[in-house]
Amino acid sequence: MHTRFENAFQQLSASLQDALGPLIDKPDFAAMLTADEVNAVCEASQLDVDALAFALLPLAAACAQASISNFQVGAIAQGLSGNFYFGANMEFTAVQLQQTVHAEQSAVSHAWLRNERGLRAVTVNYTPCGHCRQFMNELRNAASLRIQLPGRQPAVLSHYLPDAFGPVDLQIDTLLMDDINHGATLQNVNALTRQALDAANRSHAPYSKAISGIALETASGNIYTGRYAENAAFNPSLPPLQAALNLMNLAGEDPSTIKYAAVVERRNAVVSHWAISQIMLAELGCTDVEHHFIEE
């Protein structure tokens, strides 16, 4: 078991420890449970799906990197597939606070990067901030998305974000988590860049059209990709680097182990992620970063 989970694991009931232990003891446990695993844990622990999501919040919060606030937030995104995806806040020193990944963003992007096509519910240990409410409003099924908080009745997102501004106000009908491929190509590039290109092709950028993706390779040889997730309100948009760093953190790898990175974006786009990605990666100790342009 990854050391970050040890204290939180001890908070669980004995039956839940017995059911969950073999799963999180796996060296490759990546802070998610498949639908079959969720069902098996529910049966063994005598919990329903929503109760299990609440019970897992301490484990999700244990993934937080809250070096500035020291405030750990955990979230569980329940996919339409039945899978559970952990999320946790992630803060970065030496750059702007705007680079922070919020726990709800973390769980949603985690699900998206694992090719989930929609969410039933997001369970979180603290009330979602306005930033996160707006971020979740970009989802295809935002109208039916349930928000679940300890000590409160479940409520749909619109309860927390009434009279919302969203994609429909900008005549946008392609939404976050839709299955999309922009079809861009690059010639004569390495495997890492091809993964960054694939991420760019699956990014959500209907407002700026500035599709972008990134791929990070660690010292262990693992590769983590990130896609740009744009938002109708602009500021809650999640850059591709943050999406990749979040996936890496949830998988239990230290961002300081990144050795190589590749950024792919559209040439002459109105939005570029290159400069801030380069700065943040340098702060993490990675200076071997390739930059590739998709031609118009």
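In case you wondered, yes, glycine gets a Cβ from its N, Cα and C as well.
Annotated features in Swiss-Prot:
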- E104: active site, proton donor (ACT_SITE)
- N89, M90, E91: substrate binding site (BINDING)
- H102, C129, C132: Zn(2+) binding site (BINDING)
- 48-168: domain 'CMP/dCMP-type deaminase 1' (DOMAIN)
- 187-296: domain 'CMP/dCMP-type deaminase 2' (DOMAIN)
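Structure with Swiss-Prot features highlighted.
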residue: N89; record: substrate binding site; contacts (Cβ under 8 Å, 6+ apart): A64, Q65, A66, S69, F71, Q72, V73, T100, V101, H102, A103, S106
residue: M90; record: substrate binding site; contacts (Cβ under 8 Å, 6+ apart): A64, Q65, T100, V101, S106, Q242, L245, N246, N249
residue: E91; record: substrate binding site; contacts (Cβ under 8 Å, 6+ apart): Q65, A66, S67, I68, S69, L97, T100
residue: E104; record: active site, proton donor; contacts (Cβ under 8 Å, 6+ apart): A75, G87, V122, V124, P128, C132, F135, M136
residue: C129; record: Zn(2+) binding site; contacts (Cβ under 8 Å, 6+ apart): H102
Among the binding-site residues listed here (H102, C132), identify the one with the smallest other-Cβ count within 10 Å.
H102
Using DSSP, how many residues in the domain 'CMP/dCMP-type deaminase 1' (48-168) fall into helix, strand and coil?
43 helix, 26 strand, 52 coil
For the recorded substrate site, whose residues are N89, M90, E91, find every other residue on that chain with a C-beta no more than 8 angstroms from the centre of their C-beta atoms, and list them by sequence position.
A64, Q65, A66, S67, S69, A88, F92, T100, V101, H102, A103, S106
Per-state residue totals over the domain 'CMP/dCMP-type deaminase 2' (187-296) - DSSP helix, strand, coil:
35 helix, 30 strand, 45 coil
Roughly where does the domain 'CMP/dCMP-type deaminase 1' (48-168) sit in mean pLDDT, to the nearest integer?
98
Residues close to Zn(2+) site centre defined by H102, C129, C132, Cβ within 8 Å:
A103, E104, Q105, P128, G130, H131, R133, F135
